[in-house]
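So the structure is just underneath, and the comments pick up after that.
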Amino acid sequence: MKAWPALAILIIQGILFLAHWFVYFTWIAFWPSLAPAAGVDLRVVMLVLAFSFVVASLLSFRYSNFAVRFIYWLAAVWLGFLNFFFWTSLIVWLVWFALRLFHLAANPGAIRPLLASVFYAIASLAGIYGLFNARVIRIRRIAVQLPNLPASWRGRRAVFFSDLHLGPINGVRFCRRLVSMASGFRPDIVFLPGDLFDGTKGDLDHLLAPFQALAPPFGIFFSTGNHEEFTSPAHYIEAIRRAGIRVQANEQVLIDGLQIAGVLYHASTSPLRMKAAIDALRPSGSSFDRSQPGILLNHAPTRLPIVEQAGFSLQLSGHTHGGQFIPFTWITRSIFGPFTSGLHRFGTLQVYTSTGAGTWGPPMRVGSAPEIVLLTFE
């Protein structure tokens with residue numbers, strides 16, 4: 001294993017270990033009965049859980065079978081609950097200190113367990129809600145006006161969905177469900193801006209098989225996301241092409257007067273690489289035509305000044321998941337601002353960032369919702 005991935009795994013594992021220790025410490029402090037009765041057992045359980053997600057992830061990169069998928073699902077679900085339990089532990093301690101500071105805890109022995117029970121019950125309900133909410137896919141209907149749009153494109157529809165994360169949790173049934181929903185709109189074209197796969201091992205052709213039932217007149221277009229580029233993206237790209245999906249790897253195509261381009265995720269990770277990728281775009285040997293509308297598939301809602309300067313009318317992105325669940329919904333918005341989700345303008349450029357159809361890690365959504373976007377060109 002290379003040094004950087006190994007270091008990243010160690011850092012993640014260290015963070016998870018500390019989070020589990022803090023939750024365990026809080027539980028013992030607020031529910032003292034756990035210490036003598038089940039303290040040792042609880043320590044063992046928490047230790048196993050602390051390593052569960054990293055171990056399950058490593059297994060999923062090497063193996064693809066029911067046992068590994070089930071272990072990964074359990075570990076991912078627990079990781080989601082751990083998130084809520086960790087932040088709840090912080091809140092419980094803050095509330096407890098406030099009660100003691102203002103002398104509001106008349107009977108500490110009775111209040112501590114009650115206080116913890118109320119807050120952890122809320123956290124548990126949030127996790128359960130998140131599990132169900134992540135499976136309810138919303139339909140977003142958006143009308144977009146593109147300058148100089150040919151009359152032949154007016155009224156035509158595109159289906160756009162990102163971040164399926166096909167893998168141990170979101171399998172072929174999930175893909176079939178999305179394709180069925182998309183087919184129901186009878187789209188003229190389909191856009192997939194990245195993270196089609198979770199980056200784990202699996203039968204890629206089997207996972208993509210449902211796309212064979214989706215045959216829009218102008219095709220299906222894909223650009224890579226970070227999860228396709230964790231390792232060499234070649235085998236993902238080959239599988240995607242075998243499924244009849246056109247991969248826009250720093251290239252573009254002209255369809256009936258509408259320019260459609262896509263950049264590799266790696267290209268968007270620095271301004272210099274992004275500019276070089278866009279400068280190299282060539283449809284049929286000619287340079288980008290500013291007099292014609294252009295759509296760019298760029299996995300992350302980044303490098304907007306470069307994209308606008310190049311003359312694109314619309315960028316379609318994903319990546320953010322809308323933060324997926326609290327508190328990352330707030331953290332993500334602090335990073336990407338209004339471009340975390342929805343349709344927004346950056347000068348003359350319109351940017352739609354999808355919250356994505358799938359999930360990564362915990363199969364939960366709290367504060368965000370999965371979506372498929374139906375675009376109507378005007």
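Indices start at 1 and increase along the chain as displayed.
Here the Cβ of each residue, glycine as well, is placed from N, Cα and C on the backbone.
What TrEMBL annotates here:
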TRANSMEM  7-30  transmembrane segment
TRANSMEM  42-63  transmembrane segment
TRANSMEM  70-99  transmembrane segment
TRANSMEM  111-132  transmembrane segment
DOMAIN    157-322  domain 'Calcineurin-like phosphoesterase'
Winner by Cβ pairs under 8 Å against the transmembrane segment (7-30), considering only 42-63, 70-99, 111-132: 42-63
Model confidence over the domain 'Calcineurin-like phosphoesterase' (157-322) (mean pLDDT, whole number): 93
